Amino acid sequence: MFHRIEEALEDLKKGKVVIVCDDENRENEGDFIALAEYITPETINFMITHGRGLVCVPITEGYAERLQLEPMVSHNTDSHHTAFTVSIDHVSTTTGISAHERATTIQELLNPASKGADFNRPGHIFPLIAKEGGVLRRAGHTEAAVDLAKLCGAEPAGVICEIINEDGTMARVPDLIECAKQFDIKMITIEDLIAYRRHHETLVTREVEITLPTDFGTFHAIGYSNSLDTKEHIALVKGDISTGEPVLVRVHSECLTGDVFGSHRCDCGPQLHAALAQIEREGKGVLLYMRQEGRGIGLLNKLRAYKLQEEGFDTVEANEKLGFPADLRDYGIGAQILKDLGLQSLRLLTNNPRKIAGLQGYDLEVIERVPLQMPAKEENKSYLQTKVNKLGHLLNL
């Protein structure tokens, strides 16, 4: 149904249009996307004839600064915070609306000699400023267009147009599939673009290494930063893990209430301590401590979820009521850290099959799942049962 990212890149380099779909829980839309560097009046005409949406030009912050493109509004209330600048027409155009003149405006926007004064405001081309970090920071068509341009080695700017059906409704995936077939266009998803970038780019940096004596033994502690956000992660390494043999690994998501305060609402603290003790006993292994508090929703939202649980919601329902998925964690950064440590084959300490799938999706081999079950407490029996029933955790309760 969808094409590989590599196939889309090849077509884009040839000046062709591709269709890019976002998540069904986001806009659930498809856009025509082309590279701004190769834009022609014919491509613009195709987009406005068969896409029927608004023609926009995703650009980097650098273009906006050079051309003095101010935000369209001072207070952006768009649900997805799409970063429209003031609309523009090049001064050489007349009305600016024809396919030819829109293409001219886009071509001049990319001209390194162009200045802010070379464009009339408002106009018929709508620049959008992509977030630094692209789809890894914001999973929108704006960022997808700029990322695709960069991956093609082209100027970091694209041309996009939403695809609307003939009856005026938004085209969804079944409609987009028919459109792609009709015009022989490659179709990809932003989700696949995110995965492609995570696989092909190094996003973590080894920052500092120390010796860390603990109650469970002495570990080699390595601190990591990553280019996606400000979160810092730490790997506690025991023994020689460079032998090529499968290594005992625990990927532990931060839980301040459980790890530090000993909360009985969860089993996180006991799992952390048990994992460290088991790695120490084996004399070799890694505990990767990921700053993904509350299955990725953050400390305050976790406390809000606890409040909802006190009102009768279970842990999954509470997350969803707050507007989050049941589990927001992503294992791409963790996988890159494990690869930086030289690991390929793991014996994974976990009760969570999704964690196994998440790591294996980044070319790490999990040859064994090592159970890490803690005795249930009265306060967390219901929580653990929900993890079994709704999240698929492998626990014997």
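Just so it is clear, glycine is given a Cβ too, placed from its N, Cα and C backbone atoms.
The active site, nucleophile feature in Swiss-Prot is assigned to R329; the stated evidence is sequence analysis. There are 18 other Cβ atoms within 10 Å of the Cβ belonging to R329 (active site, nucleophile).
According to Swiss-Prot, the feature Mg(2+) 1 binding site maps to E27.
Residues annotated as region 'GTP cyclohydrolase II' in Swiss-Prot: 200-397.
Under the DSSP three-state reduction, H124 (site 'Essential for DHBP synthase activity') is assigned to strand. The local packing around H124 (site 'Essential for DHBP synthase activity'), expressed as other Cβ atoms within 10 Å of its Cβ over all shown chains, amounts to 18. Residues annotated as site 'Essential for DHBP synthase activity' in Swiss-Prot: H124 (among others).
Annotation source Swiss-Prot lists site 'Essential for DHBP synthase activity' at E162 (among others). Taking all protein chains in view, 19 other C-beta atoms sit within 10 angstroms of the C-beta of E162 (site 'Essential for DHBP synthase activity').
Rounded to the nearest whole angstrom, the C-alpha distance between R329 (active site, nucleophile) and E162 (site 'Essential for DHBP synthase activity') is 30. In three-state terms derived from DSSP, R329 (active site, nucleophile) belongs to neither a helical nor a strand segment and is classed as coil.
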